[in-house]
Structures are given as structure tokens and as C-alpha cells.
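These notes are about the structure you will find just below.
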Amino acid sequence: MIDFGNLKYENGLIIGIVQDRASKEVLMCAYMNREALEKTVETGIAHFWSRSRQKLWKKGETSGHLQKVKEIRIDCDMDSVLLLVEQVGGACHMGYRSCFYRNLDGEVVGEKVFEPEDVY
């Protein structure tokens, strides 16, 4: 196993890209610190670092829309990680399956899977 201390963090953080293992759809990206990576490996559930709240958070902690991590890959520069997951519910807090639900023109192209006001 790669030593998480050897990853190239910037200000203690590394980008975590989340992809649905089955469909290959990119679901989201978020920052992770070493603790988030370790907790993700330990529990099998995606954990991230919230820059706004300055704390560790488990994806789906409030909504129940967990990301069950099936595999973690490290990129060639060792400065980002890819989490291949089984997504439970939507990944986006706006109610969409993916955070990448709009194209450059602002057109909604993603699938809405829940109403945020019913969850948060």
C-alpha cells in the first residue's frame, strides 16, 4: 500500500475525484487530508475535509447518500486520488446524481434524484 505521507498535499490537502465504479460517471470532487484518506480506507465510506467548516466530514452523514468506496487510485504525480464508489442516492447537495449536472451554457444535463429541502 502507498504511504499516504508520500502523497503531494498542498496546504495539507489533496483533490479527491469521485467516480461511479459501474457507470464511470464522475460524481464530484472534494478535498481530502491525510485523516480523511485514512478514515476512508478504515471504514470503506468516503470522507473529506471541509474547507469552509474546517473539519472532517463523512459523505452522506446528513442525507444518507453514502459513497461506498470500492477502490482508490493515485494519479501519476501523486497529487490527486480517484475514489471508485458505489453511490447511494445522489452525490450532489443540489439533488443531482452528479455535481457536474450543468454544461458550460448552464443547461441542466444531469439527473435530479432528490429534493434538497426534503433531505437537509
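Using N, Cα and C of the backbone, Cβ positions are placed for all residues, glycine too.
According to Swiss-Prot, the protein has these features:
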BINDING   ASP75, ASP77, ASP79  Mg(2+) binding site
BINDING   CYS76, CYS92, CYS99  Zn(2+) binding site
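On the structure: features taken from Swiss-Prot.
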{"residue": "ASP75", "record": "Mg(2+) binding site", "DSSP class": "coil"}
{"residue": "CYS92", "record": "Zn(2+) binding site", "DSSP class": "coil"}
{"residue": "CYS99", "record": "Zn(2+) binding site", "DSSP class": "coil"}
Message: Quick check for the class: what is the C-alpha distance, in angstrom and rounded, between CYS92 (Zn(2+) binding site) and ASP77 (Mg(2+) binding site)?
response: 27
- line: CYS99 (Zn(2+) binding site) to ASP79 (Mg(2+) binding site), Cα to Cα, whole Å, comes out at 21
- line: Note: among binding-site residues CYS76, CYS99, least Cβ-dense neighbourhood at 10 Å is CYS76
Message: Out of ASP75, ASP77, which of these binding-site residues shows the lowest number of other CB atoms within 10 Å of its CB?
response: ASP77
Message: Beyond the listed site residues ASP75, ASP77, ASP79, identify every same-chain residue whose Cβ lies within 8 Å of the center of their Cβ atoms for the Mg(2+) site.
response: LYS8, ILE74, CYS76, MET78, SER80
Message: Is it possible to get the count of other C-beta atoms within 10 angstroms of the C-beta of ASP79 (Mg(2+) binding site)?
response: 13
- request: Measure the Cβ-based neighbour count of CYS92 (Zn(2+) binding site), defined as the other Cβ atoms within 10 Å of its Cβ.
  value: 20
